[in-house]
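The structure under discussion is supplied below as C-alpha cells; questions concerning it will follow.
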Amino acid sequence: QEHAYPADELMPLTCRGRVRGQEPSRGDVDDALGKFSLTLIDTLDTLVVLNKTKEFEEAVKKVIKDVNLDNDIVVSVFETNIRVLGGLLGGHSVAIMLKEKGEYMQWYNGELLHMAKELGYKLLPAFNTTSGLPYPRVNLKFGVRHPEARTGTETDTCTACAGTLILEFAALSRFTGTSIFEEYARKALDFIWEKRQRSSNLVGVTINIHTGDWVRKDSGVGAGIDSYYEYLLKAYVLLGDDSFLERFNTHYDAIMRYISQPPLLLDVHIHKPMLNARTWMDSLLAFFPGLQVLKGDIRPAIETHEMLYQVIKKHNFLPEAFTTDFRVHWAQHPLRPEFAESTYFLYKATGDPYYLEVGKTLIENLNKYARVPCGFAAMKDVRTGSHEDRMDSFFLAEMFKYLYLLFADKEDMIFDIEDYIFTTEAHLLPLWLSTTNQTISKKNTTTEYTELDDSNFDWTCPNTQILFPNDPMFAQSIREPLKNVVDKSCPRGISRAEESLGSGPKPPLRARDFMASNPEHLEILKKMGVSLIHLKDGRVQLVQHAVQAASSLDAEDGLRFMQEMIELSSQQQKEQQLPPRAVQIVSHPFFGRVVLTAGPAQFGMDLSKHKAGTRGFVATIKPYNGCSEITNPEAVKEKIALMQRGQCMFAEKARNIQKAGAIGGIVIDDNEGSSSDTAPLFQMAGDGKNTDDITIPMLFLFNKEGNIILDAIREYEAVEVLLSDKAKDRATIFKGKMIPNYIIDSNLEMENMDQKLSENDSHKQNAEEATSASQDVGAVSEEPEEGESSDVTDPDSLSPANADSDSISISNQDSYVPGTDEAGAPEPACTRGDNQPQEQKTEAESNSKVNWDNKVQPMESILADWNEDIEAFEMMEKDEL
C-alpha cells in the first residue's frame, strides 16, 4: 500500500508499483496484470488466515471503492480466473463467515461477489469456440475478436489454461445461482477428457482450441498441465461429482505408470509413454506431492518432496528447472509457493515434525536471501543470489498462507480451515457449496473409463485424519535413502558431441575442419544441399535444403554435417562461457540485501578463484567513459571505479582505471532502460591483445541495475559494494556484527517456530550453501557507438574452429535447428558449469493511456521504514534478533 497501490504488483528493489505499459514488457508474464490491483485482491483471504481481520475489512473497502474491471487491456484468462476471480470469491467466502460471527464485516452485502460475477461475464467471450476450450486471452472491455480487442487470433492454449476453471466458475454459479459459468467450465473439461490419448490416458501440454489436436505432445505434471489434474480431484471434493474422480483416477494411474520414476517425475510422449520427452524437471511439479496427499498416496509424495528438498538445500531455493542429475537448468526462482504447499499437506497428513524443520528452512532462506527494503525479491539466479525486481501476487496469496498454516495451531485460527478447499492459488472456497444451487446434472458425460487395478484407490476419499498412521519413523524410513540423492548424482564424463562424432558414417567435410572462406569447402556444402547466407551483423547462417543436394546420399551427408556443426558449436559455447557475477551493496542502509546480476569479463581477476571477492567504496571516474587517462585519480585510488559503456574497448577502460589506482571496475550500460530482467547477459571480451597486465576485476551492469548504485550514491555519498562470484551471506560479510533480519510476519517469528520445533523434539536442518554455476553469456569484444543498442547481437553464437571467426547459425528445410543461443537442453557441469536459458525479448505493450501515477520515491523516503530498526541494531552488538 505504501509503495505500490493501486498498481498490480510491487517492485521490491525500486520500491514502486508495476503498472503495465509503464515498465518494459516481460511478455506473457505481464498477461496477469490488468490494472485491477491484482496483489490486493489476490491477498484478501490471506489476511483473514493470518487473523488480520481489521486489515481485511479495510482492504475489502478499497477493492469495492477503487478497483475497475472494465479496462481496455488484454489479460490471461487462466491467470485472471485463478488470481482475480478466485481472489474475489475467496474474499467473499471469508467475508460472509466473519459477518456470521457477528464482530466484523457487518456492513458487507455481497459486494465482492457482485464484482466476481461482473468479471465472470467479462471472461465468458473467451469461450466462444466450437470446442468449448477458451481462448488464452481476453480483453476486459472488448472481449475477443472485436475490432478493438487486440486478441482472438490465437489457435493454441495449454491444458492447464483450459482445465483450471471449474472450481472458480462452479463456485460463482453456486454462490449466484447463475449456472452458465459452471456449464462453460464443465464443457472445457469434457473436451479435454475426450481428447486424451486413449492408449496412454495422458494429455499433452498444448492443444488447438478449434480442432482439439495436440500441438505439444509431451506430458508431465509440471508447467502447462499441472493444475488440470489438481482441479479434477478438487472438483470432486467441492462438487461431489463422481465423474471427476473417475477421470482423475484414470489419469493418476497413467501418471504413476509412465511419468513417475521415483523420486523423479519426468515428462513423456503421450503416444510413446515409455519414452522420456526431456531430461529436466520444472519447479511447478512441486505441487504434486501435495495433490498426492489429498489423494492418499503418501509414499511417492514423501519421496518426491524429499528429492525437491535436497535440491533446495543445495541452492537455497528451487530453480525454475533442474536436470535429472540435479544440475541447474533454469536458474531463476520467482518465489514460487508450490513446495511450501506440499510441505504443509505432508505435515497435516503425517504429523511428522520434520516438515516443520523444512518450513523453518524455507522461512530462514526467504529472510536471508530474498528480503529487500520493500518486500521480497524474486531470485534472478539461485547460484549467485542476484535479485529480480519482481514480487508476484502469488507470493502473498500462497506462500504466506501455507507457511503460516504449517506452524499455526488450531487455536491460532479464527475459523476451521477444514471447512474449505484450496484453489490452485490457495483461495478458500467453502465445502458447503456442494449442496447449494445444484443446477448442473451430475450425469456422467463420458463413458469410456478404464478398468483399473490400482491399490492406490483404496484411499481416494480425502480425509486428513486417516490418510497416514501418525508414525514419523515410517516417513523417515522413506526419506532416508534420498538424503544424498543430489550430491551423489554428478554427471558422467562423455558429452553428446563425443557420442555424435564418435561413431557412424562421417560426412566428406567435418564440421571441425570447415572454413567459411575455403572455396573447396563451399563447393562440398553446395553438393550436400547446404547453402551459406551472410547476415548483416557479420554472422554466417547455414541452411540445408535436401532437395538441392546432388543425390540422396549427399543429402544424408549434409544432414550429418549440420548435426556435427550444431554439436560442435554447442560444445565450444560451453567451454568458453563464464558464469554471471554479483554486485552486492554492503554499506548502510543496505547491508548486503541488494544483489545485482553482473556480466563477467574475459580478462582481469577471476572472481571464482578469489572467493572473498573485492570489496570497496565506489567512485565515478572522469572522464566517465574511461577511454583516456583518468583526471580524478585521487578519488578513484583504492576504490571501485564506475564508468559508462561506449567509445572504446572494455580492456582499455580497465587499464586506465587500474593505472589510476582503482581496485576494481563496474561498467554501466549507456542504453537507457536496459535490464538483466529483459536482456541476456554477456561477457566483456578483451581487445585481441594480451590482457595479462589487467589484474583488477571488471563487471558489467545493465542500465537499470547500474542506476540503483548511482541513485544510492546520490542519497548516501559513501556506497560500498562487494564484487564476487556469488552473493555472500550477510553474516559472512559483516563477520558477526548485528544485522537487521526481518521476518515474514510477527506470527512467524523464529522464536515461536523454535518453540514449536522443540515441543516436537525436532532437530534443526541447516540449508547447504548454493554452489555457483555459470549462466548463458555471450562475448562482446568492442563497445558500440553511441546510440547503438546495448543488446548483444548474437549473445551466444560462437565461431567453430577455422571458420574465419564468423559466427554461424544453422537451420534446415524442415524446421529451424536451434543454434547455441537457443539450445533447448543445456548440459552444465556439477558446480559452475550450469547454464541458464536465454530470456526471450518481447515487444513492448501497445501504447495505451495510463491514468495511474507511478510512484517513484527518493531513496531516503524508500528506506524511512528501516530507520528504527537500523538505530536499534546499531546499539545491540551481542543480542540475537
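Cβ atoms are placed via backbone N, Cα and C, with glycine included.
Automatic prediction, not curation, is the source of TrEMBL annotations.
Note that the structure is a prediction, hence the values are computed from the model and not measured.
As listed in TrEMBL for this protein:
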- GLU79: active site, proton donor (ACT_SITE)
- ASP226: active site (ACT_SITE)
- GLU320: active site, proton donor (ACT_SITE)
- GLU338: active site (ACT_SITE)
- THR424: Ca(2+) binding site (BINDING)
- 756-767: compositional bias 'Basic and acidic residues' (COMPBIAS)
- 782-794: compositional bias 'Acidic residues' (COMPBIAS)
- 801-812: compositional bias 'Low complexity' (COMPBIAS)
- 621-708: domain 'PA' (DOMAIN)
- 756-853: region 'Disordered' (REGION)
Measuring Cα to Cα, how many Å separate the residue listed as 'Ca(2+) binding site' from ASP226 (active site)?
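Pair distance, Cα basis, whole Å: 10 Å.
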Cα distance, GLU338 (active site) to GLU320 (active site, proton donor), nearest Å?
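With distance taken Cα to Cα, GLU338 (active site) is 12 Å from GLU320 (active site, proton donor).
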Same-chain residues six or more away whose CB lies under 8 A from the CB of GLU338 (active site)?
SER283, LEU284, LEU285, ALA286, PHE287, GLY290
Just to be sure I understand the packing, how many Cβ atoms besides its own are within 10 Å of the Cβ of ASP226 (active site)?
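There are 25 such Cβ atoms around ASP226 (active site).
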Return the residues near GLU79 (active site, proton donor), defined as same-chain residues 6+ apart in sequence whose C-beta is under 8 angstroms from its C-beta, sorted by sequence, else 'none'.
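Those within reach of GLU79 (active site, proton donor), by Cβ under 8 Å and sequence separation of 6 or more, are ASP31, ALA32.
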Any idea which of the recorded positions GLU320, THR424 has the thinnest Cβ neighbourhood at 10 Å?
GLU320
